[in-house]
Amino acid sequence: MHKVLIIDDSDINLTLIKALVLKLGECEPVLFEHPLKALEWCREQVPDLVIVDYMMPDMDGLRFIAAFRALHGRTEIPVLMITANDQKDVRYEALLGGANDFLTKPIDRVEFSARVRNMLALRTGQKFLADRAAFLAEKVDERTREIRERERELIVRISRAAEFRDPETGAHIQRMAHYSEIIARGLDLAPATSRLILQAAPMHDVGKIGIRDHILLKPGRLTPEEFAVMKRHAEFGYELLKDSGSEIMQAGAEIALTHHEKYDGSGYPRGLRGNAIPLFGRIVAVADVFDALTSERPYKKAWPLDEALRFLEQGRGRHFDPLCVEAFLAGWEEVLEVRHRFQDEAVATI
Ligand SMILES: [Fe+2]
Ligand SMILES: [Fe+2]
């Protein structure tokens, strides 16, 4: 059903045009004698075609078209203006002002039907394209969501692959990722960036897949040679994840490579110093070490919280970026919440 808005100050014309429109079928005429009232209606309703007289007392057809076109989303709707045959100037002005076609007075029935039909066909085409565009946009959104979901799933699986070989538990990965996000937020990073580190941090130790069992799973202290091999997990992780088209994998690669760098340059693998260490690496260093200290491992007991905090304080500017430590401490309440939410036994069954 097409809504056809008809505006004419003469009720005889209104009646005539209404009858002609009804004859076309599938049309619902909406009549107004006053252009201002018609505009009022147009604020709430979207017509499929506007037929407007030129000569009207309060507001002429040209001004009506201008006001109508200025309403949001009304630029494409076809407008027919009714003029007398000799009003050429008016017609030119109307074309410039946004009319699509004209009807001449007195109205010729055949011409009227042809022109109105053409305009309605135009409108049908517009609506079809708009619907199609909306449909496609929705499909694209849906597919994008699916891809993102799969990407997240893939990342969880990659992180879990490392867990099979690593004595560190899934709960450690969850906690350190959330601590990283708390720090990122504390540093006022954009919400999307904080989310990115949350998603990427679980992959920090994925390079441990490349470390031989007798070193990775050795219960006692590593010899210097063994430790040198162990350190290579940073580069292995980077090699595994780098050059990905996925933003999360890219962030994961950077984190894998730099999470053992230390602020004073004494870390590995490259001995980067200060802000030369990528920010994500500096953030994850705090989150990862804090959780490693406060977790029980086969070879050590969990440190009490205050001792771990002292370790962070003492490491400010040496091991850790002072701003990252500060952001971590500022989010202490949330840190405790995360610690409570992801306890070792609870997640080990996943
Ligand atoms: Fe590591
Ligand atoms: Fe870790």
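Cβ coordinates are placed from backbone N, Cα and C, and glycine is handled just like the others.
Unlike curated records, TrEMBL annotations are generated automatically.
Noted in TrEMBL for the protein shown:
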type: DOMAIN; residues: 3-120; note: domain 'Response regulatory'
type: DOMAIN; residues: 147-344; note: domain 'HD-GYP'
type: MOD_RES; residues: D53; note: 4-aspartylphosphate
For the residue listed as '4-aspartylphosphate', the number of other Cβ atoms found within 10 Å of its own Cβ: 23
Per-residue pLDDT averaged over the domain 'HD-GYP' (147-344), given as an integer: 93
